[in-house]
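Below is one structure, written out as structure tokens; comments come after it.
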Amino acid sequence: MEEVWLQAQSNLAKVLTHQTYNTWIQPIKFNGANKNTLILSVPNEFIKERIAEHYLPMIIESICSLTNSQYTVELQITPQESKQSTATKRDAAKTAAEPGQQPQADYSTNLNPKYTFETFVCGGSNQFAHAAAQSVANNPAGKYNPLFIYGGVGLGKTHLLNAIGNDVLTRNKKARICFYTSEKFMNELINCLRYQKMDQFRNKFRKMDILLIDDIQFIAGKERTQEEFFHTFNSLYESHKQIIVTSDKFPKDIPGLEERLRSRFEWGLIADIQPPDTETKIAILKKKAESDKIVLPDDVSLFLASSATSNVRELEGMLIRLGAVASLTGKNITLDMAREVLKDIIVDKTKEVTVEMIQKYVAEHFGIKVTELKSDKRLKALVVPRQIAIYLCRELTKASYPEIGEKFGGKDHSTIIHSTKKVEKLLSQNFELKSTIDTLKKGLLT
Ligand SMILES: Nc1ncnc2c1ncn2[C@@H]1O[C@H](COP(=O)(O)OP(=O)(O)OP(=O)(O)O)[C@@H](O)[C@H]1O
């Protein structure tokens with residue numbers, strides 16, 4: 001299997017930029033295989049995280065296409081102290097120090113250089129948080145302190161947090177800024193407690209000009225971490241330093257968060273990020289495709305954006321997957337290819353569905369005849385499928401109530417409205433019905 005990995009590496013070298021390949025892919029070493037898992041070793045946690053976040057789908061795709069079978073990949077950390085890996089770490093640190101990020105002697109900013117305001121697409125769903133972030137970057141510790149950004153998974157909170165840090169550093173290279181996930185903050189705290197280095201811990205955080213903490217909700221319920229964070233917060237706030245945190249919830253909705261912290265988060269500005277609309281999703285995909293040099297036709301970006309997910313990370317994952325398939329097969333990305341490659345992930349809303357298709361599909365699903373579905377018979381075994389089919393016709397086709405009535409044996413439009421409303425009402429209470437309808441929809445649209 002080692003040869004497969006070496007071949008996969010060389011294929012990836014052809015599709016990635018030189019710098020990306022050297023920084024992230026080249027340091028990966030083959031470390032064994034069992035069944036359908038390839039074990040790869042990476043030099044450190046930093047590289048492991050980045051690979052898992054950005055390159056794993058591409059790596060798996062490359063291995064699977066070489067072996068023609070399904071493989072998963074396990075990443076293990078094995079420190080590699082060879083000259084080469086030391087150089088790689090240096091390169092990674094160098095990459096992380098751009099743009100305008102001065103690596104400080106006594107700490108690391110941990111900022112991701114890719115997450116800037118320039119690479120962030122602003123749309124209706126995130127414009128408030130974006131404006132708040134820009135305002136804080138322009139005037140740290142001014143009007144909005146702390147800034148609390150909250151929103152669902154993969155909607156760009158970490159990106160904005162980094163963008164603030166990167167932006168400030170491009171203008172003031174001496175600014176002391178650090179980005180921490182709350183988990184990393186906690187782990188460092190635990191280590192410092194263990195090795196009696198609490199003075200060092202406190203000094204480090206309390207000397208910051210801007211402290212960026214990602215996913216603060218994870219400190220909820222962790223007493224010691226909350227206490228230490230509380231003192232760090234007070235110390236920074238009193239010295240007029242900026243604090244910015246992100247969370248997946250509004251402060252008062254974070255269970256287990258101490259009251260004193262909750263109230264402090266509410267002192268400043270709270271900005272939310274909502275799921276992106278289709279136009280914003282398309283704009284994000286296009287920007288990402290451009291920066292990764294992936295040729296993405298308009299119909300494909302619409303197809304990806306019409307998928308149910310609002311998680312931008314997932315959208316990016318689909319794009320990376322398409323890019324990898326296109327590079328490895330030497331083909332252009334087309335709508336047909338996207339449908340095929342992403343068939344298990346995307347429900348295709350662009351596919352035309354007709355009343356007749358729905359009638360046939362629903363009748364087959366319930367084991368009845370289309371004529372029975374269209375009839376006036378009041379048997380329960382027919383009434384429920386009929387109402388579901390009518391509901392789906394309204395949901396998935398452009399047919400009007402009278403048109404649907406006509407195709408259901410000449411029924412009156414009020415009967416069609418009644419059936420649709422009945423299903424709509426039941427959907428919120430009846431989980432089984434919802435699941436049946438979801439299955440039917442998926443089947444009809446893929
Ligand atoms: N508006 C946007 N413009 C450009 N890229 C975006 C945008 N929103 C999200 N992304 C990208 O989507 C990915 C996920 O975003 P990010 O990690 O910031 O999400 P998050 O809200 O912090 O998620 P989590 O809750 O999992 O921490 C990143 O690669 C980010 O660059």
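Glycine residues also receive a Cβ, built from the backbone N, Cα and C atoms like all the rest.
Note that this is a predicted model, so its numbers are computed, not measured.
As written in TrEMBL, here are the features:
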- 1-86: region 'Domain I, interacts with DnaA modulators' (REGION)
- 80-108: region 'Disordered' (REGION)
- 110-326: region 'Domain III, AAA+ region' (REGION)
- 143-271: domain 'AAA+ ATPase' (DOMAIN)
- Gly154, Gly156, Lys157, Thr158: ATP binding site (BINDING)
- 327-446: region 'Domain IV, binds dsDNA' (REGION)
- 354-423: domain 'Chromosomal replication initiator DnaA C-terminal' (DOMAIN)
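Taking the mean position of the Cβ atoms of Gly154, Gly156, Lys157, Thr158 as the ATP site, the remaining residues of that chain whose Cβ falls within 8 Å of it are Gly151, Val153, Leu155, His159, Leu160, Thr246, Ile273, Val312, Arg313. For the region 'Domain IV, binds dsDNA' (327-446), the DSSP-based tally of helix, strand and coil residues reads 81 helix, 0 strand, 39 coil.
When Cβ atoms from all protein chains are considered, those within 10 Å of Gly154 (ATP binding site) total 18, not counting its own. For the recorded site, Thr158 (ATP binding site), the DSSP three-state label reads helix.
Averaged across the region 'Domain III, AAA+ region' (110-326), pLDDT in this predicted model comes to 93. Residue counts for the region 'Domain I, interacts with DnaA modulators' (1-86) under DSSP, split into helix (H, G, I), strand (E, B) and coil, are 49 helix, 18 strand, 19 coil.
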